[in-house]
Amino acid sequence: MQENTKWQNRDLAVLWHPCTQMKDHEAYPPIPIRRGEGVWLEDFDGRRYIDAVSSWWVNIFGHANPRINAAVKQQLDTLEHVILAGFSHEPAVTLAERLVEITPPGLSRCFYADNGSAAVEVSLKMSFHYWLNRGQHKKTRFICLSNSYHGETLGALSVGDVALYKETYAPLLMESIVVPGPDCYAREQGESCADVARRQFAHMERALGQHADEVCAVIVEPLIQCAGNMRMYDPEYLRLLRDACNRFGVHLIADEIAVGFGRTGTLFACEQAAVTPDFMCLSKGLTAGYLPLAAVLTTDEIYRAFYDDYERMTAFLHSHSYTGNPLACSAALATLDIFATDNVVHRNRDLSARMYDAVAELADHPHVAEIRQTGMVLAVEMVADKPSRTPYPWQERRGLRVYHHALSKGALLRPLGNVVYFMPPYVITPEQIDTLGSIAIEGIELATHE
Ligand SMILES: *Cc1c(COP(=O)(O)O)cnc(C)c1O
């Protein structure tokens with residue numbers, strides 16, 4: 001028996017995989033990976049795959065990166081974990097200092113959690129609790145954008161709008177106010193993305209006007225709605241939103257879990273609108289895909305609303321067992337070192353241009369509605385009919401055909417519905433990008449044929 005098959009059988013006997021209809025594995029068992037190096041993943045039969053999706057958007061500097069490996073190994077021999085309530089440690093302190101330094105001005109406090117959804121929960125609870133501590137008892141709701149995604153725990157799902165993840169659990173969720181968003185895919189003839197942002201902002205202005213007295217915060221994914229099929233929008237929307245949140249007395253939560261750490265062409269997406277949110281949620285790229293860690297950055301103004309004598313019961317009594325884990329913090333510190341020394345954001349500009357060139361010919365493809373790109377995220381939207389942008393019926397699972405084709409050619413491309421995208425580690429080479437481009441073009445050709 002081949003090594004892959006052996007592991008597949010053991011896997012399917014005991015494992016239940018995330019985001020998966022397990023019956024699909026009858027035809028296509030999961031691929032067991034024995035090692036990784038740079039952009040490459042290698043299975044137990046020795047086949048190699050370029051990790052074009054950064055292992056679910058987390059890996060930014062390649063697998064088994066020597067610099068991050070060294071940092072984690074050193075930390076491992078020093079301190080693996082310690083309770084962060086009443087105790088502290090060097091990596092947690094240093095990382096908080098550095099995050100405060102590199103995030104937008106005004107964010108001066110760092111609260112740790114251990115995954116993205118948990119960070120979103122923290123920001124929602126903190127916002128609500130801030131208003132409560134300030135005597136505003138009526139503020140209990142949140143505004144989010146259509147097509148948004150903020151994670152899959154119940155609070156995070158409540159402020160999301162991707163039906164695939166949300167609908168089933170609707171009876172368990174709190175009711176958010178969902179406002180039509182600035183998705184530039186919906187632009188009309190002659191409109192720019194900035195025009196769409198301004199036009200669509202009228203919905204937000206109206207919602208805030210109607211509900212501000214009962215709303216704690218507006219939560220958004222700056223510039224790219226990644227899980228919402230990589231839909232993108234103009235920074236103008238964030239500028240308008242920051243201003244409106246100030247005017248209406250509502251917090252702004254920037255969920256940069258997917259877009260932070262260089263993805264959009266700047267270290268943080270909010271920089272492109274020159275705005276400081278009241279809360280910024282970070283995870284995923286924070287540890288370059290090594291270990292689960294999340295941070296919520298917030299302002300002094302928020303922090304001070306919780307700071308009082310214990311008996312007044314205003315403290316933020318939220319915790320996770322692995323809050324601020326030292327190993328994860330050491331991976332994050334090594335990640336920030338790479339950003340600091342390697343001019344990453346600047347170098348990514350060439351890679352980003354190369355990604356577009358690698359698939360540019362698809363712009364004229366009869367079943368491609370558009371190629372869109374923001375920094376190191378490029379997406380190709382396949383449609384049944386180009387002029388009307390009629391989507392393929394989801395049941396046809398066209399994206400899945402691209403996925404299987406890519407695997408057979410040595411690439412991990414995992415489309416979202418009918419959207420094929422590249423979100424590779426920043427250590428990818430121009431030649432590897434070209435390879436991905438050819439594989440994607442062939443895959444899309446096959447998937448849209450007949
Ligand atoms: C992935 C993601 C989350 C959730 O993070 P998890 O670590 O998977 O819980 C939240 N928000 C955004 C924008 C994400 O992309």
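Note: Cβ is positioned from N, Cα and C throughout, glycine not excepted.
Remember, TrEMBL labels are computer predictions, not curated facts.
Database features, via TrEMBL:
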- W56, Y149, K284, S319, R414: substrate binding site (BINDING)
- G116, S117, D255, H320, S321: pyridoxal 5'-phosphate binding site (BINDING)
- K284: N6-(pyridoxal phosphate)lysine (MOD_RES)
Collapsed DSSP category at H320 (pyridoxal 5'-phosphate binding site): coil
Which of K284, H320, R414, the listed binding-site residues, has fewest other Cβ atoms within 10 Å: H320
Fewest-neighbour residue among binding-site residues, criterion Cβ within 10 Å, set S117, Y149, D255, S319, S321: S321
Entries of G116, S117, D255, H320, S321, R414 (binding-site residues) sitting next to ligand 1, with Cβ under 6 Å as the cut-off: G116, S117, D255
Inter-residue Cα distance where the pair is K284 (substrate binding site) and D255 (pyridoxal 5'-phosphate binding site), in Å: 11
Helix, strand or coil at K284 (substrate binding site) [DSSP, three-state]: helix
Length of the line joining the Cα atoms of S321 (pyridoxal 5'-phosphate binding site) and R414 (substrate binding site), in Å: 32
Largest CA-to-CA spread of substrate binders W56, Y149, K284, S319, R414, angstrom: 34
